[in-house]
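Database features, via Swiss-Prot:
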BINDING   G14, G15, E16, G17, I18, G19, K20, S21  ATP binding site
Amino acid sequence: MNNLKQGKFITFEGGEGIGKSTQSQMLYEYLQSQNTPVILTREVGGTIVAEKMREILVHEELLPMSELFQAMAARYDHMARKIIPALQEGHIVICDRFIDSTVCYQGLELENGIDLVYNLHKTLMPSLMPDITFFIDVEPDTAIKRVNSRNMNNKFDIRGIDFYKKIYYCFKELSNRFPERIKTIKASDLSPLEVHELIKKHL
């Protein structure tokens, strides 16, 4: 899929409170235990510059188009400085969020936003898409209860159930659109370890 690289690019996607960061970490630790060259990173962020952009993106109220370009600028830095070099060295790269999150969080706020985001991404890095994406499928009602039970620390956490549903159904739509790349892991009633075992079966 990606002619820029020799390694493998794995992403985790979904809304807030679904456990994707936990699953990213668990997969990273598993691959390390197998002596597999692997790095773990995240978006928005992953580099010094991109992490600074993240602070603005998750805490400030931006205009929709400004928010999109902030996310894309951070991604370009992240890809150029971290993801692509690691892939070219033959590493597996695990990324907590990537392009599909930009589609659902920023693209939905704009007219024809889904296509706009993917087209922008292709313009930035035409060959770089994940080899496999795990959509951690947790029902919005369950997800928002989880978020409400923890210290909410960004503008996306504190939005209401309608926002959670919108994001959830966007990821569902993407998983239907790209079934070969996006693997849906139904996780509402599973423990983190059970979810991890399902993920390992797709590797």
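A Cβ is built for glycine as well, from the same backbone N, Cα and C atoms used for every other residue.
Within 8 Å of the centroid of the Cβ atoms of G14, G15, E16, G17, I18, G19, K20, S21, where the record puts ATP, the same chain has further Cβ atoms from I136, V138, A143. Each of the binding-site residues G14, G17 was ranked by the number of other C-beta atoms within 10 Å, and first place falls to G14.
Least crowded of the binding-site residues (G15, G19), judged by neighbouring Cβ atoms within 10 Å of its own Cβ: G19. The Cβ of K20 (ATP binding site) lies under 8 Å from the Cβ of F12, E13, G14, D96, R97, F134, I136, each of these being in the same chain and 6 or more residues away along the sequence.
Counting only residues at least six positions away in the same chain, the Cβ atoms of F12, R42, D96 sit under 8 Å from the Cβ of S21 (ATP binding site).
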